[in-house]
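A.B. asks: Structure in structure tokens, see below.
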Amino acid sequence: MIGIVDYGMGNLYSVSKALERLNTPYVLTEDVEKLAATDGLILPGVGSFNDAMTILREKNLDDMLKQAVKDGKPLLGICLGMQLLFSESEENGFTKGLDFLPGKVRRFSGQTRAGIRYKVPHMGWNLLQYRQPAHPLLEDTAEGHVYFVHSYVVHVDTAEVVVATADYDGDVPAVVGRNHVFGTQFHPEKSSNLGMQMLNNYVAYVKERQVQMSDSL
Amino acid sequence: MLTKRLVPCLDVQEGRVVKGVQFVELRDAGDPVELADYYDREGADELVFLDISASHEGRKTMVDVVREVAGTLAIPFTVGGGINSVADMRQILRAGADKVSLNTAAVKDPALISEGSDFFGSQCIVVAIDAKWDEALQSWRVYTHGGRRETDLEVTDWAEEVVQRGAGEILLTSMDQDGAKTGYDLALTRAVNAAVSVPVIASGGAGSLQDFADVFLEAGADAALAASVFHYKETAVSEVKEELRKQGVNVR
């Protein structure tokens with residue numbers, strides 16, 4: 001069972017529909033106990049980092065997520081949900097994130113070093129370049145295009161967490177991960193076959209891990 | 001590198017696609033879900049659904065259409081037409097649309113753009129601008145009510161304003177070129193593109209493969225929208241992409 005964290009931010013419906021297409025049972029809820037009872041979590045979200053962290057704290061979902069990660073439960077953050085996995089964001093001054101992965105979230109400057117203007121948000125289909133091709137999320141996939149919509153970008157403290165990148169005024173971390181914590185900056189649920197395969201890979205990872213964890217008990 | 005997008009547009013009336021695809025064996029050529037699926041397989045990068053229903057019932061039906069499309073489609077889609085309030089936006093976005101497009105409502109009440117953008121994020125607020133050249137004023141003017149009413153707004157000024165108010169994308173339609181099939185309005189697209197920092201979707205005038213190449217290469221559009229050339233298969237999405245690739249345009 002996958003738990004989709006419903007904290008009122010963004011298009012949760014398309015994520016849940018994507019899981020239905022994959023015949024994966026899920027719960028979509030803000031209830032801490034119900035989420036804690038699942039085998040793996042998805043943290044979606046679009047909008048403001050600051051608003052998102054405020055709501056997560058108000059609903060005690062930040063503590064639930066921290067405990068889940070500590071217990072070894074898989075977590076996938078999507079779009080803003082991926083950015084929330086990092087240490088902090090400069091949006092609206094400074095906001096502390098969930099801090100599962102080391103890095104900071106900053107706005108795209110809108111201008112290259114050479115002074116050439118570029119569009120913000122980074123919106124549309126961009127090509128993935130795999131940095132860790134053996135990563136479980138990339139299994140049975142080839143580098144292809146996925147759909148991005150974001151104005152802020154993660155600056156990682158260590159390249160070790162970068163699984164795949166896309167080029168938009170430099171390397172944009174597009175898939176990140178460390179141990180059982182994953183994130184995609186793009187929307188897999190909107191990225192046609194490639195995105196659906198990655199969601200499928202996450203679901204498979206959750207199932208596999210569940211077997212391993214019950215074996216070790 | 002970010003690719004240029006091709007965006008078929010479907011008109012929906014009372015829950016049915018009108019002027020829909022004419023050339024393939026579809027079980028039901030008026031079924032929005034089936035058409036959306038067809039365009040996804042064809043390689044469309046996004047879809048726009050324009051609700052042209054006049055009735056209240058039609059509007060309600062649109063919400064069901066959005067929910068059904070969102071249940072099967074794995075590419076983004078925008079819904080426009082008849083969205084007049086934050087409540088309308090919420091209803092359509094909750095039903096699973098990725099973006100909503102505002103046109104007349106944004107001109108009537110520009111605060112709606114910022115309200116929507118603050119609430120849902122600017123990435124899901126598209127402002128559609130219908131533009132027509134005014135020979136006497138030597139500038140493009142903004143039209144509303146489906147192109148029936150002229151406003152006193154100049155197009156590039158309005159484009160700058162909507163972006164400042166939080167629009168995440170501009171859907172720019174040339175009324176001069178719309179339906180003519182002699183190419184996009186390159187000068188208009190170039191002017192708006194230079195004025196704003198957000199992506200611009202060019203619309204109106206697509207007729208040939210070269211028209212698509214021109215709007216990307218000559219006018220710098222981020223996306224190109226078309227309706228009839230795709231529906232009547234004068235040009236298929238896949239065919240346009242192949243031509244674009246040949247001419248060095250980066251596409252998916």
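Every residue gets a Cβ built from N, Cα and C, even glycine.
Per TrEMBL, the features are:
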- A:CYS79: active site, nucleophile (ACT_SITE)
- A:HIS187: active site (ACT_SITE)
- A:GLU189: active site (ACT_SITE)
- A:4-201: domain 'Glutamine amidotransferase' (DOMAIN)
A.B. asks: According to DSSP, collapsed to three classes, what secondary structure does the residue listed as 'active site, nucleophile' have?
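C.D. replies: It is coil.
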A.B. asks: Tell me, if you would, which residue among A:CYS79, A:HIS187, A:GLU189 (active-site residues) has the fewest other CB atoms within 10 Å in the structure shown?
C.D. replies: A:HIS187
A.B. asks: Rounded to a whole number, how many Å is the Cα of A:CYS79 (active site, nucleophile) away from the Cα of A:GLU189 (active site)?
C.D. replies: 11
A.B. asks: Can you tell me the three-state DSSP label for A:GLU189 (active site)?
C.D. replies: helix
A.B. asks: Can you tell me the mean pLDDT for the domain 'Glutamine amidotransferase' (A:4-201)?
C.D. replies: 95
